[in-house]
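Written out below as structure tokens is the structure these notes cover.
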Amino acid sequence: MGQEDQELLIRGGSKHPSAEHLNNGDSGAASQSCINQGFGQAKNYGTLLPPSPPEDSGSGSGQLAENLTYAWHNMDIFGAVNQPGSGWRQLVNRTRGLFCNERHIPAPRKHLLKNVCGVAYPGELLAVMGSSGAGKTTLLNALAFRSPQGIQVSPSGMRLLNGQPVDAKEMQARCAYVQQDDLFIGSLTAREHLIFQAMVRMPRHLTYRQRVARVDQVIQELSLSKCQHTIIGVPGRVKGLSGGERKRLAFASEALTDPPLLICDEPTSGLDSFTAHSVVQVLKKLSQKGKTVILTIHQPSSELFELFDKILLMAEGRVAFLGTPSEAVDFFSYVGAQCPTNYNPADFYVQVLAVVPGREIESRDRIAKICDNFAISKVARDMEQLLATKNLEKPLEQPENGYTYKATWFMQFRAVLWRSWLSVLKEPLLVKVRLIQTTMVAILIGLIFLGQQLTQVGVMNINGAIFLFLTNMTFQNVFATINVFTSELPVFMREARSRLYRCDTYFLGKTIAELPLFLTVPLVFTAIAYPMIGLRAGVLHFFNCLALVTLVANVSTSFGYLISCASSSTSMALSVGPPVIIPFLLFGGFFLNSGSVPVYLKWLSYLSWFRYANEGLLINQWADVEPGEISCTSSNTTCPSSGKVILETLNFSAADLPLDYVGLAILIVSFRVLAYLALRLRARRKE
């Protein structure tokens, strides 16, 4: 097909005589009358009859074995329009609404989907096609009850399973939604990922052996045997599974429960033609087992196009066609857009239904005519009648229980703890790099402050080294926590929205799994730096120092959790963290004497873990230093006569050591509770 032919087809023209019916604006009523008459009397492009019932494949997954016909009717979807300064304007409008008696003006909305209808039967593979911006993903999100914030489905829209209205909870029990972007914990292997999914997805009455057996079965069915022990990896950072293997792994996660309805958004995105064909073949096999499979796809190859049982073409948020691929050829030929011989029909349909830059008015007029012609066709009228009467094909079976989550609280906690522990052991950034970094910094500080003596200069150096203990533990743990925790938050958000586990089980399992690491790091650091610097000798003094440094490490880790949960991205968390830490650092007693803190900022000093830890470490170092132990070698400088004098100079008291321990413990609990609340609030906003 030449360039001239392509441009002619994109404009809406054709070398076939029938094309004039679509694009000749002067023919007007006569052309429209001919099209309407053809659709109303003889033509039936697209059928609503379901395919022949497939054989029951059976499954040991514990999922309901039922065939589902999914229909949707009158789906109007609106989206909020982003305007410059809209967040500030919204805040101002809300404030004025509280204090002023002004009429509320609703925010502008964009009509994303317009009266979209459709139906998908068990045993068939339905492909939703269209150009970018046609509304494919918006439709799938609405069908799966996963519409993001700012997207509103009109109350008049109906979603029916076997003729019965369905809500989000019922859909969740029967539908698996594979989204376009694959989110995994990259340090796990494919098999470990599926075992975790089986522990939280499958019904609670199944034993562990039954779950593992189902994992093995799914691995065989989706051809994942060769890569089941390969780590998933992180694209662009850690090498792992290929794109096709990652996509099949996403299907396997959903197929564990053998759901009767499978919705996939762009399953071939970013894949080569061979891999894309293998992925669609997997979906085809699933549909042949009696499942209802709906997917979106941009421009499939001719081989892929032949695998589809039915196609739903969308343009400008409207339905342009619904039927079999062969019926689509007849439909577009009849409305005057005949697909040329030896040309991929999928490419042709996307070109015809696309808005061409520079020809927007002409393109939208062509699209409107095609959509209007389908709306008055016999298949559209039959579908309207079918959905309006809500004919029951087969009553919905009731779920096996009324539980919101498939797994019990303890099963969820054990699964999350197991996965988090594996990721801690396998994540090089979290373990190997941290331990190497800790060792190198401890040796460096030890060499700089090597063998300090109890002199005027030694006192100052020891105080500085102790404060470096705190700053190193703080920044190292805060940034490490932010980098790792925020990278897993998208996985948590998706899994929490899918009701795989509770927010509290995730947070508790995650923090407990990382606890051994945050105990090991301060131990390694203190064991190296403490004797090299020559801090106060004695086992009790060493373990007091170790306990305080460990508490600081866990306070800073808790603070890192809080910043991560309250931030929308890793970059934002890394930007917010240092400015928030600096005020706490200033109140630590090293840069600013504790007695010099302004009264109006006194409350902030009680939130500083630097203050409690610095006071505790200095008490541990100087409290029992008797007069005469400090050598005064310089006569022209003030020399502290004892450790008590040093503490009094800094406005610290040896009697406050227990309070320092309590203060650090309270900060650990407080920061983690606030982090959990922020995480829970964030998860609820996504629901």
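Every residue, even glycine, has its Cβ placed from backbone N, Cα and C.
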Would Swiss-Prot have V484 on the same side of the membrane as R672? yes
When Swiss-Prot marks a stretch as transmembrane segment, which of 120-140, 309-329, 498-518 is it? 498-518
Can you dig out which of the ranges 335-355, 461-481 Swiss-Prot describes as transmembrane segment? 461-481
What DSSP reports for the topological domain 'Extracellular' (590-644) is 26 helix, 1 strand, 28 coil
Contact call for the transmembrane segment (532-552) and the transmembrane segment (461-481): at least 3 Cβ pairs under 8 Å, seq gap 6+: yes
Residues sitting near the transmembrane segment (569-589): Cβ under 8 Å, six or more positions beyond its termini, same chain? 467, 470-471, 474-475, 478-479, 482-483, 486-487, 559-560, 563, 597, 601, 604-605, 607-611, 613-615, 618, 650-652
